Amino acid sequence: MERRTVLITGCSQGGIGSALAEAFHQRGFHVFATARKTEKMTHLRDLDWMTLIPLDVTQESQISAAVELIQKHTGGTLDYLVNNAGDGYIIPVLDCDQVHGRQIFEVNFWGPLRMIQEFSPLLIAARGTIVNINSVASETLPLWLGIYSSSKAALLALSETLRLELKPFGVQVLSVMTGAVQTMIFQTNYRLPPDSAYVAWEKQIAAQAEGSEQASRMSATVYAERVVGDILNRRGGITYRGQMASFAYWVVALMPRFLRDLVTVKMAGIS
């Protein structure tokens, strides 16, 4: 029986992509795991049917090289594309460095779009599935995450449009709205710009950047197992996974905006 194939971006050790790569591998897939530097995926190197590819989603030449490599492996098809690579940016909007902000959009929005466009012939040939790993922040809009949340909200709008545009070709599109997940990808020694108007709340902002403000997080392994289950069930549209993800859905769906504002401000620790 021919193995199904999946390409996953952002598979550095300790992150969601790595856990997804292992979960797909356990299901018998040929996994094409990517990261900017392959040395960050050495924990996956010795697994059978695990192909490691250096790939920066902001570099079109690297994406084209990955397409060519996978075409040679599969004969021109790809069953699943998982756009997981992403960068965070925790900063008050007034303090945002615009060059850095544009780079966040390059990785979180334009990167997935580049991947989808380049791999679309392979996905259409396989009647495959595109999975965009998103964040509940794109809907709950927490403080200090304005740039990051905006990039993920743009990705959600793109995904939902693509979901309908690709229906005639039998290609599914799934957005995974991710809650709190235990990973190793947090900032350390966070500091605001010295002239920031928000220095009085630097401690609270730093706690969020360093991942210490929320003790309860779903393990990346459990998260990945559930997400892979959603993907293999051919469930297009939107799914919510990770700690507090379902709660976030109901808050956005049912809570009046003024109450959401109160909760958001309280959770940020400001008055």
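Any Cβ shown, glycine's included, is placed from N, Cα and C.
Residues or ranges marked as NADP(+) binding site in Swiss-Prot: I8, T34, K40, D56, N84, Y148, K152, V181, T183. Annotation comment: Swiss-Prot describes Y148 as active site, proton acceptor. The active site, lowers pKa of active site Tyr annotation in Swiss-Prot covers K152.
Taking the features listed in Swiss-Prot, we show where each one sits on the structure.
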{"residue": "I8", "record": "NADP(+) binding site", "DSSP (3 states)": "strand"}
{"residue": "K40", "record": "NADP(+) binding site", "DSSP (3 states)": "helix"}
{"residue": "N84", "record": "NADP(+) binding site", "DSSP (3 states)": "coil"}
{"residue": "Y148", "record": "active site, proton acceptor", "DSSP (3 states)": "helix"}
{"residue": "T183", "record": "NADP(+) binding site", "DSSP (3 states)": "coil"}
Nonlocal neighbours by CB distance (under 8 Å) for I8 (NADP(+) binding site), same chain, sequence gap 6 or more: G17, L20, A21, F24, V31, F32, A33, T34, V82, N84
Cα-Cα distance linking T183 (NADP(+) binding site) and Y148 (active site, proton acceptor), given in Å to the nearest integer: 18
Most Cβ neighbours inside 10 Å, all chains, among the binding-site residues K40, K152: K152
Largest separation between Cα atoms (Å) of residues that the record links to NADP(+), namely I8, T34, K40, D56, N84, Y148, K152, V181, T183: 25
Sparsest-packed of the listed recorded positions (N84, Y148, T183) - C-beta count within 10 angstroms: T183
